[in-house]
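**Student:** My questions all concern the structure below.
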Amino acid sequence: MNPVPAQREYFLDSIRAWLMLLGIPFHISLIYSSHTWHVNSAEPSLWLTLFNDFIHSFRMQVFFVISGYFSYMLFLRYPLKKWWKVRVKRVGIPMLTAIPLLTLPQFIMLQYVKGKAESWPGLSLYDKYNTLAWELISHLWFLLVLVVMTTLCVWIFKRIRNNLENSDKTNKKFSMVKLSVIFLCLGIGYAVIRRTIFIVYPPILSNGMFNFIVMQTLFYLPFFILGALAFIFPHLKALFTTPSRGCTLAAALAFVAYLLNQRYGSGDAWMYETESVITMVLGLWMVNVVFSFGHRLLNFQSARVTYFVNASLFIYLVHHPLTLFFGAYITPHITSNWLGFLCGLIFVVGIAIILYEIHLRIPLLKFLFSGKPVVKRENDKAPAR
């Protein structure tokens, strides 16, 4: 068992929680954006569309960097098999719990909201399976991807550790320019793979499980490994936590390119491939922007921050059906998009916190939505000697 730092990375905990909670305004703004979703407002809002695109352009890339960082930290703490078991439990159990309790009722609700309940019996067996794959995994996709990544990293992390034992890690030097070139190449490589699949067998790209297990994992795995490397090499971590005007400017320009691709790109042409290249490098640069900002403002411990760090996963899991309920049944009665957006935030966050407090008082639910066993504190006094 290898030693790990005793000091908790408070700013990384906070950033991870905020990125999770950003899913709430992201999905609520999606209702009022120009993007087609399960439910949409009568008229889209340009500013809420821009806000939605901004969150979507970088949020999950930074999230997976932090996940990789903490995953490697636990990798050094536990034996290999126990590490895999602990990690898979912590993400797999909440995912499997949320399917029958959250996404299945959500799917049934949407069938009636969108008027598709009557046509369901007429679908082919494959169409039913694929629809269920998309709808039941839904916003839980990142948990499935984390399970896949954890399994792959049983081998990858072992290789990294073995290579470190045979080399001097203090001599490893990183620069943002070098990383940018690497991630640009990774983005191009991903685009080539996707385009090849599109040419050879396009229907597979519409398969839900293939999209989650293969394509999403393939895109986000470099960020996950980057997080592990940031834990290993202090110089790399310092590169991300030190503010960089170059990264900020590059991220801003990349976001403009992202918006232009969204506006003028075509799904039948190269829009998705171009997006993968842009978001690969944009995600890297935003790691610096977010980490440096968080390190400066969020690197402290407080009861309020700890509360939302602990609550973030549960709140994220329950917010999605609440958001769709709001969009389907309440949004049509609010004429102002901005008022609807603010009401949606209050509605979803308020109910999510109430549900979180309720679930804390039910040990079984607390275990199922966290994947962590409920620890009973021993109050017995130590025997006298």
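Quick reminder: no glycine exception, Cβ is built from N, Cα and C everywhere.
Copied straight from Swiss-Prot:
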{"type": "TRANSMEM", "residues": "17-37", "note": "transmembrane segment"}
{"type": "TRANSMEM", "residues": "60-80", "note": "transmembrane segment"}
{"type": "TRANSMEM", "residues": "91-111", "note": "transmembrane segment"}
{"type": "TRANSMEM", "residues": "137-157", "note": "transmembrane segment"}
{"type": "TRANSMEM", "residues": "173-193", "note": "transmembrane segment"}
{"type": "TRANSMEM", "residues": "212-232", "note": "transmembrane segment"}
{"type": "TRANSMEM", "residues": "239-259", "note": "transmembrane segment"}
{"type": "TRANSMEM", "residues": "274-294", "note": "transmembrane segment"}
{"type": "TRANSMEM", "residues": "311-331", "note": "transmembrane segment"}
{"type": "TRANSMEM", "residues": "338-358", "note": "transmembrane segment"}
**Student:** Any contact between the transmembrane segment (274-294) and the transmembrane segment (60-80)? By contact I mean 3+ C-beta pairs closer than 8 Å, pairs at least 6 apart along the chain.
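**Tutor:** Yes, the stretches contact each other.
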**Student:** Count the Cβ pairs between the transmembrane segment (60-80) and the transmembrane segment (311-331) that lie under 8 angstroms and are 6 or more residues apart in sequence, then report whether there are at least 3.
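**Tutor:** Judged by the Cβ rule, the two regions do not touch, with the required three close pairs absent.
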**Student:** May I ask which of the stretches 17-37, 91-111, 212-232, 239-259 has the most CB pairs under 8 A with the transmembrane segment (137-157)?
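**Tutor:** Looking at each of 17-37, 91-111, 212-232, 239-259 in turn, the most contacts to the transmembrane segment (137-157) are made by 212-232.
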**Student:** Using a Cβ cut-off under 8 Å, which residues of the same chain at least 6 positions beyond either end of the transmembrane segment (311-331) come close to it?
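**Tutor:** Result: 16-18, 20-21, 23-24, 27-28, 31, 37-41, 94, 98, 102-103, 105-106, 109-110, 113, 138-140, 340, 343-344, 347-349, 351-353, 355-356, 359, 369-370.
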**Student:** State, in range form, which of 91-111, 173-193, 212-232, 239-259, 338-358 has the highest count of Cβ pairs under 8 Å to the transmembrane segment (17-37).
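**Tutor:** Of the candidates 91-111, 173-193, 212-232, 239-259, 338-358, 338-358 scores highest.
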